[in-house]
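Visitor: Got a structure for you, questions after.
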């Protein structure tokens, strides 16, 4: 069954389907909505089926391999494969994108272009997580750039052009470094370019060149993850983008940076990774505390959630640099956990804005009684974000803590220092999240409910939140269901 081109199908199906959107009837938005939702759902069900029935979880190597000559003169191939590391992120992409399409139901301004861009992004994201060729990885990385820019600039808030320009400026610079590093790696020491990950892993470089290449790739990932000081595009982008776009940004786009760091930097440049790891651990710790502290001063609901995402990504960086399987496993778990939680919080923030027409926390208050379902869902995911036991965030952060504690790569004093400041970041998290809940749902009746018509969450919104909340609880209660996916794959990294 592995000989069947399953991966090509789940990558190209949404892309080809996107080009049929202009042919759909223009009078009714319902047609393009259901068409796009059906495409995403079918693709998600197909990937779930093939991974559930045909993936060998005891095999640590890549499966469903495909390799087709594309540009023979430079050795470029359409090379795909899936292992435990990429499978979880592919399934996350399918789930979040499908629900983001459903979340975009209220979009009425040029819906054909909106859903076209979402399907193009969907293909690019799956393509990136399945790429086994470095040039193909680069192409899929770049495929995200224009759709995200258009989604922000055309369907965003009042400062959407500023946010979109800032986003493309940061990511374009990161892409330039990625482009230079990619071609340097592939052409170094060979007359014919070597693009396949397995072949590149066998190359050796002078230490100074390895460090330069590590930083070149790392800069691109640092923008996407993001890592301070390359993070300032994120609050502006989340603050202005439509909440369905925010779901894709928080749920999937940020994870591309973490995935690239593990798949390329750790694997291809192990000596440079060991050299920079202590500094990255310190940077990740500073990021946790800094972003959590800035959260407390944010009066804009979406910007507060954006800074909380930056803080949580600091844990991912620490786990990647822990040099332990449990720490690295925790980093991957944190990426998936945050993908679910972050997407949910931005969706809830957006649907709240649809009702009260403000994201200013100082203008909110006392809406719990009129919107009890919204209040319950916001509370549940806020508790998940602060890593409450029985939820996925707790499992991920605990594994990262254990990974850095048990790491023999670092001295005991360094580990104690990092754990101490990580704990401080963990303490700050409930402060800004519970404060957010208090400002939104408790306190004075700001909106004079007797003269306003409030509508609580409807079936569509409840379905989206429940679909994201169920895996958060399952991972929190039975983490081995998720961890077993990549356990064997991590043993060979």
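Positions of Cβ are set from backbone N, Cα and C atoms, glycine also.
Straight out of Swiss-Prot:
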TRANSMEM  4-24  transmembrane segment
TRANSMEM  34-54  transmembrane segment
TRANSMEM  87-107  transmembrane segment
TRANSMEM  111-131  transmembrane segment
TRANSMEM  134-154  transmembrane segment
TRANSMEM  167-187  transmembrane segment
TRANSMEM  212-232  transmembrane segment
TRANSMEM  242-262  transmembrane segment
TRANSMEM  276-296  transmembrane segment
TRANSMEM  313-333  transmembrane segment
TRANSMEM  334-354  transmembrane segment
TRANSMEM  462-482  transmembrane segment
Visitor: For the transmembrane segment (87-107), I need the partner stretch with the highest count of C-beta pairs below 8 angstroms, choosing only from 134-154, 167-187, 276-296, 313-333, 462-482.
Guide: 462-482
Visitor: Taking pairs 6 or more apart in sequence, does the count of Cβ pairs under 8 Å between the transmembrane segment (242-262) and the transmembrane segment (313-333) hit 3 or more?
Guide: yes
Visitor: Which residues of the chain, 6 or more past the ends of the transmembrane segment (134-154), have a CB below 8 A from one of its CBs?
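Guide: Hits for the transmembrane segment (134-154): 76-80, 109-110, 113-114, 117-118, 120-121, 123-125, 127-128, 160-161, 163-165, 167-168, 171-172, 175, 178-179, 182, 185-186, 195-197, 200, 220, 237, 240-242, 245, 248-249, 253, 256, 260, 264.
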